[in-house]
């Protein structure tokens with residue numbers, strides 16, 4: 001198996017697959033050979049035993065049936081010659097005698113089909129005697145006998161019976177020889193097929209045994225060159241995981257597994273060198289981290305005191321800023337209220353101006369209505385005069401103008417009522433015009449008053465805007481001072497937080513260095529007789545309570 005350790009895993013498994021493929025090919029070839037041989041034997045058996053034997057048997061069967069029919073016809077004719085027969089039976093005998101020729105033709109056709117079938121070379125010598133004996137029997141005996149029976153010639157039939165029996169025996173011997181030859185060949189083929197099956201079985205058993213042997217060899221080779229080396233590698237990894245780097249890694253051949261052992265040995269050497277370097281550095285880191293932690297604690301205390309002073313200053317400036325912001329907000333609110341009052345006064349002035357405009361429009365409309373009413377009154381007066389003239393003319397006309405006089409009277413009454421209504425409307429319009437004039441005068445007075453109010457509110461608004469601007473400038477100045485103090489306080493608090501974080505990081509670095517030293521100490525190297533002592537002492541008791549707490553962004557310590 002040592003020589004196998006120099007083979008690559010790829011080559012080893014290629015050889016295994018090649019061996020199994022060879023066995024599979026051998027088994028498949030034997031199976032194909034047995035199947036092909038069986039197929040050829042079956043085809044030959046089918047061609048000879050089924051087709052040829054069936055044709056010859058059928059011809060022989062028709063031959064026997066024909067001879068039996070001839071014997072029956074002969075017996076019937078013999079009875080008729082002796083006078084012991086009836087008319088119906090005589091008709092059947094005659095029909096049967098006439099049918100003998102057709103039977104012989106059928107037998108000859110079947111035999112021709114037998115002769116036309118493909119003939120194997122080893123059967124050629126048998127086909128001649130069979131054909132000669134059949135033709136002799138058919139032409140020399142059976143056809144003459146059938147013709148004699150059809151003609152009622154019993155003597156000729158009787159004379160040919162012995163010859164027919166001899167020729168029939170000759171044909172029977174030839175056919176039996178053919179059947180015996182075919183049966184012998186069938187038995188030989190069956191025996192040959194049995195030997196082929198036996199050989200195939202032996203080959204299959206041999207291939208199975210060889211496969212079992214190959215499987216055993218493969219299993220042994222895999223165990224020796226793959227499984228056990230991998231188990232050794234796993235054991236090496238387990239020892240490395242537990243910290244034991246002292247056991248050397250032995251080489252294992254030149255294949256992939258051997259390369260894996262070589263890589264494992266290289267990794268163990270590199271890890272051993274790294275652990276040794278880390279072990280030496282961890283002691284120095286531990287000592288330096290203690291000094292850094294001590295200095296950061298002192299710096300953190302001083303920075304926290306400075307941050308407290310700046311925090312008080314920032315608080316005072318914030319109160320001043322808050323007061324100025326409230327004053328500025330009040331001034332802005334008063335300015336907004338004055339602005340709103342000015343806007344409202346301006347809106348009132350616009351409303352009063354609109355009212356004055358509307359009153360003037362109403363006054364103009366009333367004048368137009370008065371003129372229209374005057375026009376209506378004039379039209380009514382003229383209509384009254386026309387109606388009066390029409391009445392006079394109707395009176396002059398006498399009876400012929402009476403109807404027209406009535407219409408003129410009605411028109412005059414309507415004109416009178418229109419004049420009266422126009423007079424009343426004129427009086428109402430004149431009263432409305434006087435009231436509109438009075439409203440217009442009052443609206444003009446209100447417009448003058450709203451203009452004075454708007455001027456006063458505008459001056460108040462300007463004064464409040466100046467006060468608000470001054471308050472905003474004061475607030476901006478104090479806000480800038482407050483911002484500067486806040487920035488200083490924020491910066492100091494950030495510095496304090498950073499110092500505390502640096503102090504905490506230094507303390508954590510010290511603790512991590514201690515744990516690193518302890519972790520590295522657990523590794524056992526090849527050049528160490530025993531596990532070395534710790535290169536640095538552990539943290540003193542109660543030291544963890546001196547580590548400053550982390551602070552948030554406001555600078556206050558958080559639990």
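Using the three backbone atoms N, Cα and C, a Cβ is placed for every residue, glycine included.
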Matching 203-222, 223-242, 243-262 to TrEMBL annotations, transmembrane segment lands on 203-222
TrEMBL feature region 'Disordered', matched against 297-319, 320-342, 343-365, maps to 297-319
Feature region 'Disordered' in TrEMBL, mapped to one of the ranges 508-533, 534-559: 534-559
